[in-house]
Structure formats: structure tokens, C-alpha cells
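Taken straight from TrEMBL:
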BINDING   58  ATP binding site
COILED    457-510  coiled coil
COILED    754-811  coiled coil
COMPBIAS  335-344  compositional bias 'Basic and acidic residues'
COMPBIAS  357-374  compositional bias 'Low complexity'
COMPBIAS  384-401  compositional bias 'Polar residues'
COMPBIAS  561-585  compositional bias 'Basic and acidic residues'
DOMAIN    28-282  domain 'Protein kinase'
REGION    321-411  region 'Disordered'
REGION    561-590  region 'Disordered'
């Protein structure tokens with residue numbers, strides 16, 4: 001509801017732009033009501049500034065459901081502001097004043113129900129219906145093309161302008177979005193999917209096609225189908241029975257086909273407005289003036305009817321003025337006559353008009369106010385005739401009447417005279433109503449009944465909307481809960497993934513640190529190993545040199561001894577031989593020393609090479625250990641992730657089942673409450689009908705003595721007439737007998753004639769009493785039989801309506817249970833499919849991680865094998881073979897002989913690679 005610093009102006013700037021800020025009472029004048037309902041009232045008025053005739057819809061948002069009413073006004077104003085089409089009403093704007101919205105548009109038009117009987121004695125012609133339907137379809141096609149739904153198409157909401165143009169009106173029930181699922185509209189025109197909207201889902205613009213088909217039947221047969229049925233029962237009938245059809249055989253096949261096409265029960269089979277525009281019924285040729293002729297013919301008929309009503313009113317007022325108040329019998333006769341006349345004319349028209357003009361809540365006939373309003377329209381149209389013909393009939397009474405309204409005259413004298421005459425006639429019309437208590441009482445009673453029915457239907461619609469809001473609110477709540485739960489699970493998955501990533505990062509860093517440490521250790525060990533070899537070789541070289549010196553000394557002494565023993569050789573030759581032996585020994589020792597140094601160099605290089613190979617193999621073993629640890633860690637994390645996903649799936653499944661159970665429980669509770677309300681409404685309606693029938697029978701019983709008295713007086717009059725005839729016959733016969741009978745016999749003859757007359761009169765009196773008794777008995781029996789037949793017919797009708805309600809509720813319950821079963825199966829299928837996908841994902845991830853493990857180990861071993869092969873090939877190129885055995889033999893650094901090598905056969909590289917992969921693989925699995 002708008003709150004404002006200034007009255008009638010909303011604070012919200014977005015809403016303030018929807019309304020004008022002027023005072024509507026200053027802008028418009030000459031307001032008179034043309035229709036009303038629970039939403040408010042519709043008025044014809046004139047713009048004081050532009051002199052333009054407009055239609056104003058006053059909508060109050062005060063009282064009960066204020067916020068809801070205000071939201072409906074905002075929705076309708078926004079909806080009207082979007083309409084731009086020749087076949088929709090021309091919206092001009094809206095004002096706010098005293099908690100009432102004044103929505104107005106240009107209007108020189110009338111609703112279709114004013115073109116129906118009793119204004120015309122016959123229904124509309126088929127070509128007229130086709131022209132009206134074509135215009136309505138153009139407007140509906142425009143709405144549906146913009147995803148809008150009217151939701152209240154009927155004769156009362158289709159206007160005809162003075163130029164013969166068809167316009168859709170009253171968008172208070174319209175939906176600005178398609179599809180929709182609200183329970184709105186007028187009962188007899190509602191499509192089945194609207195009635196079942198809350199139970200079976202959403203509907204689209206094809207609900208307007210159904211209502212258009214019902215409107216065609218309304219125009220053709222003067223009322224919609226099921227109009228003689230209770231509105232609630234009509235809803236149940238529409239929801240579960242076959243579609244209605246045209247009853248008369250006088251209509252053409254294209255018209256019948258069009259109506260049947262519109263009233264297809266399944267919405268998907270029902271045509272769209274665009275398809276219906278191509279139907280033969282609306283495309284066939286017709287006169288362009290057909291609607292103008294209908295309007296002119298209607299104006300003539302209304303004017304004639306108004307003149308007739310005016311003459312009757314004048315006669316009654318004239319009799320009251322000169323004769324005073326009427327007696328009881330005269331009043332009853334006048335009331336009965338006027339009731340029959342107005343029942344055939346104005347009251348019927350107003351009752352139908354009121355029913356058709358009240359959207360969404362109208363369920364029955366019209367009221368006293370609608371009669372007054374129709375009289376206002378009559379006076380407006382026939383004002384000039386009354387002014388010319390009856391200028392002075394009521395002047396003195398009018399001028400002194402305290403009920404005469406003050407008229408704000410802003411025009412010339414003719415306008416002022418017209419206003420005064422309208423108000424005078426309105427005063428006498430109200431005076432006429434107040435002077436007829438039985439008629440007024442009847443109208444008030446009917447209006448109260450209509451109000452009860454309208455209130456019942458409004459309460460039912462309000463309950464359906466409330467139920468729908470509860471379901472939507474619960475669905476939103478459950479959706480929010482599901483989103484929150486899903487977000488929680490997603491965060492848990494992300495946290496686990498982050499933790500796994502951090503753990504892998506830590507493991508990679510630890511491996512890098514360990515590898516770097518091992519590399520440094522290997523370099524240190526290699527240096528120590530090299531230093532150890534160098535020291536050992538130095539020691540060996542020193543020992544070797546010492547041995548050479550000893551051997552040289554021994555050899556030298558031995559040669560000297562031999563030379564000393566050989567005395568034949570000259571000294572010089574001995575000296576030369578000794579020098580030669582010294583040189584040979586020195587040369588030999590130098591070669592041995594060089595050979596030893598070469599051997600030591602080879603030994604050093606070979607053992608360093610072998611040590612490097614050992615370090616490389618140790619590094620490879622470390623890499624294999626690290627990759628196994630990393631892969632095992634990944635596998636463990638993936639298993640933990642899979643266990644968490646399974647746990648999440650189970651918790652999601654539990655939540656989904658719980659939410660479905662809550663939603664279905666609420667739906668069943670609301671359906672039980674709805675069925676209970678429907679049953680209470682039906683019982684209340686049945687009791688009201690029985691009370692009305694009982695009152696009617698009591699009234700008939702009270703009126704029966706009057707009727708019997710009138711019949712008794714009629715029989716008595718007949719008896720008196722017969723007695724007079726008998727007396728005349730007796731006098732004539734006596735006169736004749738006196739003439740033909742001798743005077744002496746006159747006394748005897750007179751006595752005989754007297755006796756005969758007495759006997760005949762006694763017989764007549766006996767027949768009179770018998771006729772009275774027979775009439776009394778037959779009338780009482782006839783009344784009893786008629787009342788019993790009425791009671792029986794009413795009981796049968798109410799029983800049928802109750803059975804119809806029970807069948808409808810059983811159908812709704814079965815459909816709801818079937819829907820719940822479908823939802824349960826759908827959820828089970830969804831859960832099983834999601835679990836299957838999860839298991840498939842887990843299996844695929846396990847296979848993927850196993851494949852990654854195999855590939856990474858394979859690639860590592862291949863790389864390591866390539867490194868070893870490359871190292872071995874480089875060693876062979878350098879002349880080093882069998883470094884494994886060499887390194888093993890080099891464990892004892894004192895052994896320096898190179899001829900102790902043993903030849904070993906190397907295995908096939910691929911076979912060796914395969915064996916190593918398998919060994920590492922099985923070691924990782926264990």
C-alpha cells in the first residue's frame with residue numbers, strides 16, 4: 001500500500017510515475033455508473049478540460065487485503081500501460097485519491113451484454129458473432145504475441161465502439177507473463193487448466209481461446225453453458241466433464257466447428273489465436289456495416305424500452321399523486337404487473353449485465369444499484385424526448401424535494417436543464433422504489449444472496465491463491481535450503497581438493513629437499529672415494545718405487561758379482577756392460593712405473609665411472625621411491641574424495657526425499673483443506689437453497705387462503721349468476737303458467753312451481769358446496785404435489801451437485817496421488833542415475849589414476865634406462881666395460897690387477913626394462 005507525504009502520491013519514484021498528481025474530481029465531471037463489482041465500479045464521465053468522453057474504473061485498496069489490492073492495482077496499471085493495439089482499450093492514465101485508484105481511458109463503447117436479450121427479442125446473428133469474434137481474436141493475438149494472458153474473456157469484457165470496433169477490456173485478471181498458474185477468472189468462462197492450475201501445473205494463452213469459445217456460446221444462446229448451475233458446481237463440471245457445444249441446430253457448420261475447435265479439452269490440441277484467425281468462420285465475407293447496424297438497432301430497441309419504462313413510471317406516479325397510496329390488492333396487482341414487465345425487460349438486462357460486468361467474482365444476478373444505473377443511462381439517452389413531452393409533471397415536487405442533488409453547472413442553459421431533469425427523474429425513480437416495499441425487499445434479498453455467492457467465490461479464490469502462495473513459498477524455502485546444502489558440499493569438496501593440493505605440494509618440496517640432500521651427499525662421497533683411491537694409488541706407487549729401488553740394487557749387486565767373477569772381460573767392457581744393464585733396468589723400471597701409473601689412471605677413471613653409475617642408480621631408486629610415494633598419496637586422496645562424494649550423494653538423496661515428502665504433505669494438506677472448504681460451501685449452498693425453497697413454500701401456504709378466497713368468490717359469483725338465471729326462468733315459467741292455467745288452479749300450480757324452484761336451488765347449493773370442497777381439496781393437493789415435486793427436484797439437483805463435487809474431489813485426489821507417484825519415481829530415477837554417474841565417474845577416475853601411475857612409472861623407468869644406456873655407451877666409448885663388476889671388484893682398493901675382469905652378458909634392454917617396470921609396479925602396489 002502506498003505511503004505518502006502528500007495524500008494519494010506514492011513515495012516510490014518508480015510507482016509515482018504511474019499516476020497523475022492532479023485531483024481527479026477536478027478533472028472529470030458528469031460521472032454516472034455503468035457497472036460495478038467487487039473490484040469497484042466503472043463510470044462514464046467527461047473530461048472537464050478536453051470535453052472528451054472517458055470510462056473511469058474506480059478501484060479501492062482500502063479494507064481487507066489492502067496490500068494485495070494495491071499490488072493488483074499496480075499490476076493492472078503497468079499492464080494497461082503496455083497495451084498499444086486498436087482492439088484493446090485505449091488507456092490514458094490513472095489518479096489516486098482517498099485510497100482509490102481512478103484508471104481512465106477514451107471510451108465511446110458499450111459491453112456486449114447490452115446487445116443481448118431482452119433488448120433484442122432474438123439472439124445475435126451469426127455474422128455479427130463472427131465480426132465480434134474476429135475483433136476479439138485480433139486483440140488476443142496481440143496479447144499472446146507479447147506473452148500476455150487476458151484470463152477473463154467474456155461478453156462483459158468485450159466492448160463495441162460507436163464506430164463498430166471491437167475492443168478487449170478489463171485487464172484486472174490479466175497475466176503479464178506466460179505461462180502462469182494462478183486461479184483467476186469468472187467461473188462459467190474458466191478453462192479446465194485454470195481450474196486445475198494449482199493441482200496440475202501451469203497454463204498458457206490458450207485459456208483465452210477456451211473463454212472465447214464460451215463467449216461465442218454466450219452470444220449465440222444468451223447465456224454461457226451451466227449458467228443455471230451453482231458457480232462452484234460449474235467449476236467441478238468444467239474440470240471433469242466433456243466440453244460444451246452449441247445446442248441449437250440452426251447454426252452453420254463453420255460456426256460449430258469454430259466453437260468445438262476453441263473448446264478442445266487438451267490445451268495442446270487447442271488452436272492459437274493466429275490459427276483461429278485463419279478459420280473459415282471469421283474469414284468469410286460479411287458486410288462492413290454489420291456491427292454499425294447492430295449498434296443502431298440496439299439503440300432503437302433501448303430507446304423504445306426506455307420510453308415504455310418511462311410511461312409506466314409516469315402512470316404510477318400520476319396515480320400516487322391523485323389517488324393516494326394504493327390498497328393492498330391494487331398494490332399487489334401493480335407490483336405483479338410491473339414485476340412481470342420489468343422482469344422481462346430492465347431487471348433481466350441488469351441482472352445479466354451485472355453478472356457479466358463483474359470480473360472474477362460475479363456468480364449470479366444483478367442488484368438494485370444496477371437498476372438505478374441502467375435508469376441513469378436511459379435518462380441520458382432519452383433526455384430530450386422527456387424534456388419536450390413532459391416538462392411540468394413533477395416540477396413542484398422536485399423543487400421542494402430534499403433528495404434533489406446539487407449539480408455543478410459549467411455549461412450553458414441546455415446542459416443545466418438536462419442535469420436538472422436527470423436528477424428529477426432519478427428522485428422519482430428512487431421514490432418509486434421506496435413506495436414499493438415488496439419489490440424493494442425482493443431486490444434487497446436477491447442482492448444479499450448475490451453478495452453471499454460473490455463472497456463465497458471470492459473466499460474460494462482467495463483460498464486457492466493463498467494455497468498457491470504457500471506452495472511457492474515452501475518451494476522457494478526448500479530450494480534455498482537445497483542451494484545452501486549444495487554450496488556447503490561444494491565448499492567441502494573444494495576444501496578437500498585444496499588440502500590435497502597442499503599435501504602434494506608439501507610432498508613435492510620434501511622430495512626436492514631430499515633429492516638435493518642426496519645429491520650433495522653423493523658429491524661428497526664421490527670426492528671421498530676419489531681421495532681414497534688417490535691415496536691408495538700413491539701408497540702403491542711408493543711401494544712400487546721402493547721395490548724397484550731394491551730390485552735395481554739387487555740386480556746391480558748381482559751384475560757386479562758376476563762381473564767380478566769374470567776376470568777375462570776387460571774392465572772397460574765391464575763398465576760398458578754395467579752401464580747398459582743399468583740403462584735397461586732403468587728403462588724397464590720406467591716402463592713399469594709408467595704402466596703402473598697408466599693402470600692406476602685407468603683404475604681411477606673406471607672406479608670413478610663406476611661410482612658415478614652407482615650414484616645414478618641410487619638416484620634412480622630414490623626417484624622411483626618418491627614417485628611411488630606421490631602416486632600412493634594421490635590414490636589415497638582420490639579414495640578419500642570418492643568416499644566424501646558418496647557421503648555427499650547420500651546426504652543429498654536424504655535431503656531430496658525429505659523435501660519431496662514435506663512438499664507432498666503440504667500439497668495434500670492444502671487439498672484436504674480445499675476439499676473441506678468446497679464441501680462446506682456446497683453444504684452451505686444446499687442449506688441456503690433448501691431454506692429459500694422452504695420460505696417460498698411457506699409464502700405459498702400463506703398466500704393460498706387469498707387464492708382460495710378468490711376462487712371461492714369466483715365460484716360464488718357463478719352460483720349467484722346461475723341462481724339469477726333460475727329465478728328469471730322461474731318468473732317466466734310462472735307468468736306463462738298463470739296465463740295458460742285456469743285461475744282456480746293457480747294456487748296449486750304456484751305451489752308446485754315454488755317447490756320445484758326450491759328443489760333446484762337446493763341442488764345448486766349442494767353443487768356449490770361440492771364445488772367449493774372439490775376446489776379446496778384439489779388446490780391443497782395440487783399445492784402439496786407441486787411443493788413435493790419442487791422439493792424432490794431440488795433434492796435431486798443438490799444430490800447431483802454433491803455427487804459431482806465428490807467425483808471432482810476424487811479425481812483431484814487421484815491426480816494428486818498420481819502426481820506424487822510420478823514425482824517419487826522421477827526422484828528415484830534421478831537419484832539412481834546420479835549415483836550411477838557418480839560410480840562411473842569414480843571408476844573412470846580410478847582407471848585414470850591407475851593409468852597415470854603406470855604411465856608415469858613407465859616413463860620414469862624409460863628415462864632412467866635411457867640415462868643408464870647413455871652412460872654405459874659413453875663408458876664403452878671411453879673404453880670402460882662391465883662397470884658393475886668392476887665397481888664390485890674395486891671394493892678392495894688393494895687389488896690393482898686389470899686382468900681379473902670377468903666377462904658378463906648384458907640382458908636385452910627391452911626385457912630388462914620390462915622386468916624393472918614390473919618390479920617397481922608391484923612394489924608400489926604393496
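Cβ atoms here come from the backbone N, Cα and C positions, even for glycine.
Taken as a whole, the domain 'Protein kinase' (28-282) shows an average pLDDT of 83 in this prediction. With a cut-off of 8 Å between Cβ atoms, the residues of this chain six or more beyond the compositional bias 'Basic and acidic residues' (561-585) that come close are 551-552, 555. Broken down with DSSP, the compositional bias 'Basic and acidic residues' (561-585) shows 20 helix, 0 strand, 5 coil. When secondary structure is read from DSSP and collapsed to three states, the residue listed as 'ATP binding site' falls in the strand class. The number of other Cβ atoms within 10 Å of the Cβ belonging to the residue listed as 'ATP binding site', over all protein chains shown, comes to 20.
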